[in-house]
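For reference, the structure discussed in these notes is given below.
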């Protein structure tokens, strides 16, 4: 790839000179990550509901009769939970991209005032990369403690307490310029990551537990919609017409306090999770009161009976610890599946697509000052896919969407490599590259971005699910951090041919899903567990047969 075909800025319109800083900036823009967008795919997390884990199902007629919104309190409670939850996650991913140049100037100016010399290019790269990537460390801490906090403080209590991290981060980042301390930025970003990790762990639990059975899918969509909405809002706030000017960057970073304040004002008016109150706390009256507020009087009794049946089925069982899953052979393939899917969610090339997006937009004739608006278009594209995935998931099924998504991404990797290679051959190739960018984003959103966490929920029963989410969340955040470290070397070493590496990842994951992962649509958690048990038995018989053949073979 010639020097003329090297991307000069990341897709956000920022221009961090060191390549490592560029990549870290662009990588964070994805957390639509992780994983992984780790939380982007949680939109269908509770479509089968916690009731399904106990084997309880409603008939179709009953489901149809309950599809009308039972109470106005429910959508307001969803908004209250999401605005200070996964919206913050998406917002803090994208908000850091806009003021990149200004923050780097601030670091250089502060260094000059302290040490009376300019900071070295490597030193600037190190500090900027730390500010950007420490968000992932905070996310890993948050996802590690979120499950424990949700049991001790409750789902609602944890979400409200979580705002302490967000408000403290906003204060530190807002004062960093006045105090002349880039260390405050580092601490603030770390606290933003902790806030995001806890939100991704606890908010889906709260949404799934407050919703009626027939509305759990629609309610679960709030998670992914608010993540992508946060990303889009952060991109808009970073425009020069809003808070994208140099003098406004401390205010821009401190605006994370607004969603936190909104949640602190609105969420206390809504009850704790009814399931948490009855199953975890044994509070019958509190559960009844919460159901009356969220579901209305007409649906209260049926919902209460449903929760009591689940509680009865869980008598004698206890929540599993993450390390217990690793030693349990009955969940070996489920565990391997979520580990691979969450790693692939970060390593499938979506980071590279955003890294090259600015170069593609520039080659297509878009003026430099207009590229941030094109980037907002990619954010809007993600919002559309989040909504579309929620509409299609029950029609096409999980396996079709995620396998098809990885196959389409594999095709896009091939086409994008070709269009980048022949960028200077014909004027049409830049436009084909632009089409590949949006096609890749759409494929990611409709498949891996929208289904991965749903499978994490559905492949495990009730007692193992919290531990599974802790493992998958940790893998997602670690993969996010890992790709931020190795991505500069992949791009510098392979240039546009880096997409052949991602082609291999996408293709192998698609093959694995096709042969190993069962379709989970319209199945209870118990039925899915039986599917994997049958798969485990077939594998065991195959390995036993192979062993017996080897033992019976004369030496």
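Here the Cβ of each residue, glycine as well, is placed from N, Cα and C on the backbone.
Checking the ranges 371-391, 497-517 against TrEMBL, the transmembrane segment annotation falls on 497-517. The stretch that TrEMBL tags with transmembrane segment, taken from the ranges 316-343, 428-455, is 428-455.
Your range for transmembrane segment, going by TrEMBL and the list 214-236, 283-305, is 214-236. Contact between the transmembrane segment (73-91) and the transmembrane segment (428-455) is not supported, since fewer than 3 Cβ pairs fall under 8 Å when only residues 6 or more apart in sequence are counted. A Cβ distance under 8 Å defines the sequence-distant neighbours of the transmembrane segment (497-517), meaning residues of its chain 6+ beyond its ends; these are 1, 333, 337, 340-341, 344, 347-349, 352, 399, 402-403, 406-407, 409-410, 413-414, 416-417, 420, 455, 490-491, 535. Cβ atoms under 8 Å from those of the transmembrane segment (248-270) belong to residues 73, 76-77, 79-81, 83-85, 87-88, 91-92, 95-96, 98-99, 102-103, 106, 156, 159-160, 163, 166-167, 169-171, 173-178, 185, 188, 192, 210, 237-238, 293-294 of the same chain, restricted to positions at least 6 beyond its ends. A contact links the transmembrane segment (467-491) to the transmembrane segment (126-147), because at least 3 Cβ pairs that are 6 or more residues apart lie under 8 A. Comparison of 126-147, 159-180, 186-207, 400-422 by number of C-beta pairs under 8 angstroms to the transmembrane segment (428-455) places 400-422 first. Computed over the domain 'Major facilitator superfamily (MFS) profile' (78-521), the whole-number mean pLDDT of the model equals 86. Counting residues 6+ beyond its ends, the transmembrane segment (400-422) has Cβ neighbours under 8 Å at 1, 5, 341, 344, 348-349, 353, 356, 389, 392-393, 429-430, 432-433, 436-437, 439-440, 443-444, 446-452, 455, 496-497, 499-500, 502-503, 506-507, 509-510, 513-514, 519 in the same chain. Residues 31, 38-39, 42, 45-46, 78, 81-82, 84-86, 88-89, 92-93, 96, 130-132, 134-147, 149-150, 155-156, 158-159, 162-163, 165-166, 168-170, 172-173, 176, 219-220, 222-223, 253, 256, 273, 453, 457, 469-470, 473, 477 of the same chain lie 6+ residues outside the transmembrane segment (186-207) yet bring a C-beta within less than 8 angstroms of a C-beta in it.
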